[in-house]
Every structure is written in structure tokens, then in C-alpha cells.
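Undergrad: Please find one structure pasted underneath; my questions will follow.
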Amino acid sequence: MELLLNNQRKHFFEEEITIQQLLDIEIPEKQKGIAVAINNCVIPKSDWGSYLLNRTHQILIISATQGG
Amino acid sequence: MQPLIIGDKTFQSRLFLGTGKFGSGRQMEEAVLASKSELVTVALKRIDMETDTDSLLSYLQHSHINLLPNTSGARNAKEAVFAAQLAREALETNWLKLEIHPDPKYLMPDAIETLKATEELAKQGFIILPYIHADPVLCKRLEDAGTSAVMPLGSPIGTNKGLKTVDFLEIIIEQSRVPVIVDAGIGAPSHAAMAMEMGADAVLVNTAIAVAGNPKLMAEAFKEAVIAGRKAFEAKLAGTLTSAAASSPLTSFLYD
């Protein structure tokens, strides 16, 4: 399955994947202080384990950075 | 010195810090700690899956430090509301520095979009600190919309030009029912002290500390300037006169 992740197309072998599984594959060490949005809608952490992704989803993952 | 209350928090320090432009995370942490600031801003960015090693939060994990995420990069109210929701989820805080500046050259805040976003975010339960031009009318409109503070600029972001808007800041401070935090353009401790002497409730400083030759020492200088300015305000400054008023007995006995 192909997913659009932070504006980059990425291929995954899995046919079904949740947000949490995606994070475990892509950023296993960097899951603190992040937020995930699907199609410009923020998905609460409590839903990451059950939210199934598909190829129509635009996935945005953000974290904090230095700023004034 | 009186503590500062904004929303549900009480601050002993009236110096807020931005975390941008520091040479390293360690340097930023040293400056933040030296400043004794209890509120520091952070921005949001897309995670880079391949190369991202930024661990900003690890440098800010001190019990006295509260995070103030900003919406920098938002060009309108809709984008700012989305950024606010992302920030709340990522950092588990409903505090927000609302900034909407569509113009990349001067980074002037968009008053209309800022007011719209404030109205929406207040309904969603955010503690909003909007970055705005030093516009007294807008400040009153933001109060009515539910803002928790106002953050008028002294001069454009990162210019270090000081309080070019001083006449308007005075009006805002006189009229405001919410705390006034002078943000942007404060380039020297004397600028910060001046804002505090005028009665500003706090100042937010970033560039002047981050790009100083010695950021930690500059952070200490700003800390002391803010304390001095606030104490002077609380002590009530002496008035100004046009003609001289002697502070020593005149030496008229020499001639009498």
C-alpha cells in the first residue's frame, strides 16, 4: 500500500496499517511530543491504535522545534 | 515583586523567551535557565522521517518551564486554528501564541485573521496570547473575543530596534484588562526595562539573546533588566519636570 506521508509517497508491504503501526515503523524513537493529522483533521493519540490508513489519506506528522 | 497571572498560571518571572536562532540545544537550555523564564515559545514543523534528530523538548524538560507553542507559518485564521489543534495534541497544552503573518518580508501580523482565529480558539478552550501590531483598538476587540493576554510588537520581529511603537504601547497598557506582553523587536536589556517601567506585564525576547555573543550572559542581563523595570514600575517613577528642581540645599549661605 502506498501512503502520502508529510507530502512524500511511501510504500508499505502491509495492506492494512493503523497510525500507531505506521509510527512504530517510521519513527519508533520519536513518538513523544508529536501530533498526527489525516486530511487536515487532528487525530487524538487515543485513536492511533484503531485508525486504519488508506491511500486517500494525506498524513501529517509534526513535532516541536525551535521558534520565537 | 508582584507575580504575574495569566489564565490558570502564576509566573514569578516576567521574562518570556523564544527558543529560535540559538546555535545549539545546549546553548538554548543554558540561556533559558539563566533567564529564570517560566514560559518559552516553541514552533511546529513537519517531522523529517529520514534525518530528523531534533530533540528540542529534552532541553526544556525542567519543572518550572511551561511551553508556549506558536502558530508561526500560519497565513490565515483557518491555518492557525489547525496549527493550534496540532500543538495542543503534541504538547498537551491549551496555551497558544497565536501568530498569523502572511507577509514574509516584514512578518507583520494580520489583524483581521488574528481576531477571527481568537474568536474560534477561545470557543475551543485555548489560552490565547496573540502577537499583534501595537493597535489599541484591536486589543479591545481581542479582549471581547476572549483573549487571555495581548502581545503587541515593539518593532518588527528580529530587528532589535526596540520600542518604536512606544506611544501606542502606552495606550494599550493604560486600557488593557488583560496582561500586556511586549513582543518582537526588543533588542537590548534597556528596551526590556523601558517596557516594564511603562507598566507592561511581561516581555518576550528571542533574537537579542539567541544571537548575542554570549547568550547565557545576555539572558542574565535581560532577567535583571526586567526585574529592575518592574520594580521601578511598582515603586512608581518620579514625574518629569521642565525646569530644574534642586535635590541638594542651595548654597545660598555663601552669600547671605
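These residue numbers are counts, starting from 1, taken along the chain as shown.
Note: Cβ is positioned from N, Cα and C throughout, glycine not excepted.
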Undergrad: Which of these, B:Gly125, B:Gly146, B:Gly158, B:Gly239, does TrEMBL list as part of the 1-deoxy-D-xylulose 5-phosphate site with B:Ala184, B:Gly185, B:Asn206, B:Thr207?
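TA: Same 1-deoxy-D-xylulose 5-phosphate site in TrEMBL: B:Gly158.
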Undergrad: Tell me the coarse DSSP state (helix, strand, coil) of B:Lys97 (active site, schiff-base intermediate with DXP).
TA: strand
Undergrad: Between the Cα atoms of B:Thr207 (1-deoxy-D-xylulose 5-phosphate binding site) and B:Lys97 (active site, schiff-base intermediate with DXP), find the distance and write it as a whole number of Å.
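TA: Each residue's Cα considered, B:Thr207 (1-deoxy-D-xylulose 5-phosphate binding site) and B:Lys97 (active site, schiff-base intermediate with DXP) end up 17 Å apart.
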Undergrad: For the binding-site residues listed here (B:Asn206, B:Thr207), which one has the lowest count of neighbouring CB atoms within 10 Å of its own CB?
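TA: Checked B:Asn206, B:Thr207; of these binding-site residues, fewest Cβ neighbours within 10 Å: B:Thr207.
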Undergrad: Using the residues the record lists for 1-deoxy-D-xylulose 5-phosphate (B:Gly158, B:Ala184, B:Gly185, B:Asn206, B:Thr207), what whole-number Å value is the largest Cα to Cα distance?
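TA: If we measure all Cα pairs in B:Gly158, B:Ala184, B:Gly185, B:Asn206, B:Thr207, the largest is 9 Å.
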Undergrad: Looking only at C-alpha atoms, tell me how far B:Lys97 (active site, schiff-base intermediate with DXP) is from B:Gly158 (1-deoxy-D-xylulose 5-phosphate binding site), rounded to the nearest Å.
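TA: Roughly 17 Å, rounded to the nearest whole number.
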Undergrad: Provide the number of Cβ atoms within 10 Å of the Cβ of B:Ala184 (1-deoxy-D-xylulose 5-phosphate binding site), excluding the reference atom itself.
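TA: Taking all protein chains shown, B:Ala184 (1-deoxy-D-xylulose 5-phosphate binding site) has 30 Cβ neighbours within 10 Å.
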